[in-house]
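First comes the structure, then the notes that go with it.
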Amino acid sequence: MSTSTSVKMVKFNNGQQYPMLGLGTWQATPELKESQQTEIYDAVKSAIDIGYRHFDCAAFYNNENSIGKAIAEKIKEGVIKREELYITSKLWNNNHKPKDVEVALKNSLKLLGLDYLDLYLIHWPVATTEYPIEKDSEGRFIGTDDSYLDTWKAMEQCVQSGLTKSIGISNFNIKQTKEILEIATIKPVVNQVENNPYITQNKLKEICESNGILLTAYGPLGSPYRGANSKGLVLLDEPIIKKIADKYEKTNAQVLIRFQVQRGVIVIPKSSNPERQKENFDVWDFEMSKEDMDLLESLNQNLRYVLLEPGMHLKDYPFNEEP
């Protein structure tokens with residue numbers, strides 16, 4: 001059985017250590033059926049047995065209760081201790097008002113059965129009125145004037161209250177990240193964004209790292225649950241990736257995860273299949289050459305699989321800043 005000690009740790013700007021590899025827990029819909037809740041419950045238990053200790057959660061995923069039950073069972077069995085886990089959650093868009101931030105965090109803690117989080121993120125730099133998202137008659141989001149700068153100050157209070165060890169941001173672009181840094185008393189430790197060879201976001205990575213902020217990559221396998229992206233491309237079918245995988249006698253997924261590790265990017269692939277979880281976890285016994293890393297970098301087209309919602313092709317929302 002794999003052990004969590006094989007996972008490389010990174011150090012945040014506040015000195016906190018965090019595993020570089022974690023398990024993503026996002027599901028295809030926030031309205032989960034009972035079978036899907038069972039699936040995530042089983043997925044977290046199997047991941048803990050394999051050696052995962054970093055779990056990426058969020059209020060919006062609507063499965064924190066199932067994740068909490070799985071964690072509690074493994075603690076009861078003596079497989080892990082709470083202090084050996086690294087649990088991330090995220091503030092949803094309808095709770096950006098400063099008065100709502102601590103309430104939302106405490107609700108995630110209650111569902112997860114925890115006393116504190118290791119990391120709490122602002123999920124999106126967009127404030128909306130309802131959960132999950134309210135739209136107008138033309139399918140456009142109904143937003144609010146709540147500033148994520150005010151939200152950030154409330155996030156800082158959550159650190160000072162001991163509810164979370166660290167705080168960060170998610171889906172923030174360069175401009176938005178700089179705005180947070182200008183007013184922050186406590187700096188973000190990470191910016192979690194979609195990241196894979198089709199969207200490397202190197203400019204954002206450079207700005208973040210120069211300010212002590214690490215990137216976390218979601219969708220590192222190209223979000224295969226969404227199929228093809230806007231250009232009809234499926235990352236896992238990319239011939240260059242297959243060629244590199246064959247060279248190192250690894251799978252395409254292992255190459256894509258290792259790509260992030262070698263870039264210094266935290267990576268959170270999602271899988272509920274124990275065999276795939278093991279495969280994704282087994283990326284520490286090889287290193288790709290600079291030439292192969294450059295080949296993977298050359299696939300960048302700034303192509304996204306993930307938008308906030310199918311209707312969120314907002315003309316005035318600057319998702320991308322790289323050509």
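Just so you know, glycine gets a Cβ as well, placed from its N, Cα and C.
Feature annotations, courtesy of TrEMBL:
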{"type": "ACT_SITE", "residues": "Tyr61", "note": "active site, proton donor"}
{"type": "BINDING", "residues": "His123", "note": "substrate binding site"}
{"type": "DOMAIN", "residues": "21-300", "note": "domain 'NADP-dependent oxidoreductase'"}
{"type": "SITE", "residues": "Lys90", "note": "site 'Lowers pKa of active site Tyr'"}
Highest Cβ count within 10 Å among the recorded positions Lys90, His123: which residue is it?
Lys90
Write down the Cα-Cα distance for Lys90 (site 'Lowers pKa of active site Tyr') and the residue listed as 'substrate binding site', rounded and given in Å.
5
Within 10 Å of the Cβ of Tyr61 (active site, proton donor), how many other Cβ atoms are there?
22
Would you mind giving the whole-number mean pLDDT across the domain 'NADP-dependent oxidoreductase' (21-300)?
93
What's the CA to CA span in angstrom from Tyr61 (active site, proton donor) over to Lys90 (site 'Lowers pKa of active site Tyr')?
10
